[in-house]
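Pulled from Swiss-Prot, these are the features on record:
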type     : residues      : note
SIGNAL   : 1-42          : signal peptide
CARBOHYD : Asn143        : N-linked glycosylation site
ACT_SITE : Glu274        : active site, nucleophile
DISULFID : Cys287-Cys394 : disulfide bond
CARBOHYD : Asn379        : N-linked glycosylation site
CARBOHYD : Asn403        : N-linked glycosylation site
CARBOHYD : Asn556        : N-linked glycosylation site
CARBOHYD : Asn559        : N-linked glycosylation site
CARBOHYD : Asn602        : N-linked glycosylation site
Amino acid sequence: MAEWLLSASWQRRAKAMTAAAGSAGRAAVPLLLCALLAPGGAYVLDDSDGLGREFDGIGAVSGGGATSRLLVNYPEPYRSQILDYLFKPNFGASLHILKVEIGGDGQTTDGTEPSHMHYALDENYFRGYEWWLMKEAKKRNPNITLIGLPWSFPGWLGKGFDWPYVNLQLTAYYVVTWIVGAKRYHDLDIDYIGIWNERSYNANYIKILRKMLNYQGLQRVKIIASDNLWESISASMLLDAELFKVVDVIGAHYPGTHSAKDAKLTGKKLWSSEDFSTLNSDMGAGCWGRILNQNYINGYMTSTIAWNLVASYYEQLPYGRCGLMTAQEPWSGHYVVESPVWVSAHTTQFTQPGWYYLKTVGHLEKGGSYVALTDGLGNLTIIIETMSHKHSKCIRPFLPYFNVSQQFATFVLKGSFSEIPELQVWYTKLGKTSERFLFKQLDSLWLLDSDGSFTLSLHEDELFTLTTLTTGRKGSYPLPPKSQPFPSTYKDDFNVDYPFFSEAPNFADQTGVFEYFTNIEDPGEHHFTLRQVLNQRPITWAADASNTISIIGDYNWTNLTIKCDVYIETPDTGGVFIAGRVNKGGILIRSARGIFFWIFANGSYRVTGDLAGWIIYALGRVEVTAKKWYTLTLTIKGHFTSGMLNDKSLWTDIPVNFPKNGWAAIGTHSFEFAQFDNFLVEATR
């Protein structure tokens, strides 16, 4: 057994770490200098034979869709605090990459994001919130990498087809205008552009996109393809020299830490360009910690990008709380810095794009993995994870069983790292509250007399970072306000002369796009309104409804009264609705149930139990035409509903048994222009 070295200083460190462990019961968090106390694996970290692949960074996706919707109207200082936890270097997640949806007006998981070109002759580079988010990220980290990717496309590009490749030049033009607009209007340099999220790629389109980028002087913008599976795009690149030349990065989604043979044969950069998508509990954190290491070890992926950045959408929408952190209550200011933020920090705070992986990375003998990266200037960062199968399952793909057990692991630094005198140590333990630590700095590890080796005692569900960098920090702010339900009384008159964002607070568009509108034809009460602005179905990514709809409020609302002024713009065929107890949204919006109160320009009304209009509770004639304002009131109490038009009762006490609760909503009968004003909801759970 090797002699104890620096025993006095080690004893002091052991006492400190035992105290830090507290009720965890571990007799000192497990750093043993050259103490081979038990059999275990030995792992050499060496750059003598060169380095591995270049590291491109860790990031997250905003969009795909509307995942940051509720973030924008958080009050200060909480909004800035959330952004700091995500983007500020050496503070929280400290992300290297921000990938955003190029809004295309379609439903793309949890809502729609507006296009910068709703129509062929329409250009507006201030819609939505992704521009704002990219600028906020750049404020905090000027070196952050920016990526744009379309999910859906505005309908005019399809010329009557649900397909973006009808006119390749036109679609390329549309995408390039977004990149040019980002620079012209926001001084944002987009670094990478994608093709069509998780849908078909077109090789000729990719080539045309490259030519158009070059023509616009955007040679620096690189192309990622195809944000889907490895196989097809990799095989196409191997068979098509021109396609091979224009694709810079092969990006795959949810690869399960493995890449395809053809992808590796290309020699191109390989990215997990969307991954994670898991509830941000400690299991989600375990998933994230495992794949951040093993995506490179198993699949040579040099970047991993989480969907999604921050869970800022109503939690009952699909994939609730599948963000690195949670910020879904702008009305209260409450947010939660979830454990995936600190798992991210183990890598992001101690590496940068442009560093290189060592060739000597791999799996631990008794489960877990290790990677090491260097900047080539003497700095070294080692990340070790021992995430158990039970606590590291991602939402997909299926994870084959593996075992992780307690072990001793000896690491030997060789090559240019053999003379490193000291390593900073950061530690995370996931699991029971009594044993849990998140990104805790331990005493540094001295290597002066150890021949560059050290031994760790590793248990399951742990994460270690050992690094020469001294800049790491666990940032913090005072606790945000306590969680509160959505206000039971909520009103909005939309009287905003110069709105900072194009969408009204808390409304979450699920099909169609609802924007602030200045009604120049009405200088009076309805001068400022909320308008549904799409008159054509977009090129869809999901199963958008046939009707447009925007939801708002508390999913647990049971008894409520909704009142809203409405204005149908389309004669004869136009129609609008208000609704309560809407029980579905996102990619499930077509099958939403609820109580929907419709009026139509043809002089009729209808009460339905679903958005599609198949379940009819009541219908009749009413004095309604287009181009005139009306006030609708819908009251739902217990098992009964009543409705009024301009304060005149249309029906009373119609029995409704399902659903029991849900959001409030507004919308239109089809993709048509319509306006809404003086929205009011009064509700109880």
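Using N, Cα and C of the backbone, Cβ positions are placed for all residues, glycine too.
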Task: Could you tell me which three-state DSSP class Asn559 (N-linked glycosylation site) falls into?
output: strand
Message: Can you tell me which of the recorded positions Cys287, Asn379, Cys394, Asn403, Asn602 is spatially closest to Asn143 (N-linked glycosylation site)? Compare CA atoms only.
response: Asn379
Statement: Of the disulfide-bonded residues listed (Cys287, Cys394), the greatest number of other CB atoms within 10 A surrounds the CB of Cys287
Task: List the Cα distance (Å, whole number) between Cys394 (disulfide bond) and Asn602 (N-linked glycosylation site).
output: 51
Statement: Row Asn403 (N-linked glycosylation site), column other C-beta within 10 angstroms, all chains, value 9
- request: Fewest other Cβ atoms within 10 Å: which of the glycosylation sites Asn143, Asn379, Asn559 wins that one? Let me know.
  value: Asn143
Task: Return the residues near the residue listed as 'active site, nucleophile', defined as same-chain residues 6+ apart in sequence whose C-beta is under 8 angstroms from its C-beta, sorted by sequence, else 'none'.
output: Val61, Gly64, Asn197, Asp227, Gly251, His253, Tyr254, Ile305, Ala306, Trp307
Statement: Comparing the Cα of Asn403 (N-linked glycosylation site) with the Cα atoms of the recorded positions Cys287, Asn379, Asn556, Asn559, Asn602, the shortest distance belongs to Cys287
- request: Give me the Cα-Cα distance between Asn556 (N-linked glycosylation site) and Asn379 (N-linked glycosylation site), rounded to a whole Å.
  value: 52
